[in-house]
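According to TrEMBL, the protein carries these features:
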- His95: active site, electrophile (ACT_SITE)
- Glu167: active site, proton acceptor (ACT_SITE)
- Asn9, Trp10, Lys11, Gly173, Ser212, Gly233, Gly234: substrate binding site (BINDING)
Amino acid sequence: MRKPFIAGNWKMNKTASEAVELVVELKDKVAGISDVEIAVCTPAVDLVSVQGVIKDSNIALGAQNMYWEESGAFTGEISGPMLTELGVSYVIIGHSERREYFGETDEDVNRKAKAAFKYGLKPIICVGETLEEREAGKTEDKVSGQIKADLAGLSNEQVAELVIAYEPIWAIGTGKTATSEEANSVIKYIRDLVREGFGDTADKVRIQYGGSVKPHNVEELMAQKEIDGALVGGASLDAESFTSIVKGAL
Ligand SMILES: O=C[C@H](O)COP(=O)(O)O
């Protein structure tokens, strides 16, 4: 049985003091919830202050990116050991915004995923198609290429710990959600792909949906057999709405 997992991706929002304000409220609102795993993936500069509030709570800490090298002359980058030492558990890798605006390739995603595991972090690997690809009937081709390349060379034990977020790019921040059936069907396809490469470990991988998840649509999404949680952008920036989403996954 896979435990539902709701993660907030704050993207480039919240200064350190705003971040503390948000998690103080959130921690109180979600206290006592143990049947849903909860994480907040904050900007790197907020990790320390947020961890100060949520350590010893039921909210896990996540980062939004990392570099694959351990240390060295890589100006502006953040390494796995830097995150681990701060108590970070999860790291989003290959978000479509990183792929689109910062030129991340599947090869980069694969290297980062391997580095995440090496340093004790669990990657949340993001995949998904553009509107043009969906309209051209290429959703499965796109996602299949990403999954195969992003997971190449991982062990079964690593894959069992992995989280995948299926985020159709056309649904991110647009208010357009894939219907729950559409999301479920692509997520089932992703699980079958993982099964091809890693056998029954596929039953352990949690696959989230992301793209305009809100309090009003989370229950319908979570009612689908294959959807194990959500990667939430905009609605994670407010404690009330993020809590409603967490509760909708119970
Ligand atoms: O990582 C989160 C996704 O990009 C979804 O963002 P959104 O909930 O604002 O559409």
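Each residue, glycine too, has its Cβ placed from N, Cα and C.
Rounded to a whole value, the Cα-Cα separation of Glu167 (active site, proton acceptor) and the residue listed as 'active site, electrophile' is 9 Å. Sequence-distant contacts (6 or more apart, same chain, Cβ under 8 Å) of His95 (active site, electrophile) comprise Asn9, Gln64, Asn65, Cys126, Glu167. Under the three-state DSSP scheme, Gly234 (substrate binding site) falls in the helix class. In this structure, Asn9, Gly173, Ser212 are the binding-site residues from Asn9, Trp10, Gly173, Ser212 whose C-beta falls under 6 Å of some atom of ligand 1. Other Cβ atoms within 10 Å of the Cβ of Gly173 (substrate binding site), summed over all protein chains shown, number 12.
Neighbour counts of Cβ atoms within 10 Å were compared across the binding-site residues Gly233, Gly234; the minimum falls on Gly234. Listed in sequence order, the residues Ile172, Val232, Ala235, Ser236, Leu237 complete the 8 Å Cβ shell around the substrate site centroid, once Asn9, Trp10, Lys11, Gly173, Ser212, Gly233, Gly234 themselves are left out. Residues Asn9, Trp10, Lys11, Gly173, Ser212, Gly233, Gly234 are recorded as binding substrate; their most distant pair of Cα atoms lies 14 Å apart.
Comparing Cβ neighbour counts within 10 Å across the binding-site residues Asn9, Trp10, Lys11, the minimum falls on Lys11. Sequence-distant neighbours of Ser212 (substrate binding site) (same chain, 6+ apart, CB under 8 A from its CB) are Ala171, Ile172, Gly173, Thr174, Gly175, Lys176, Thr177, Gly234.
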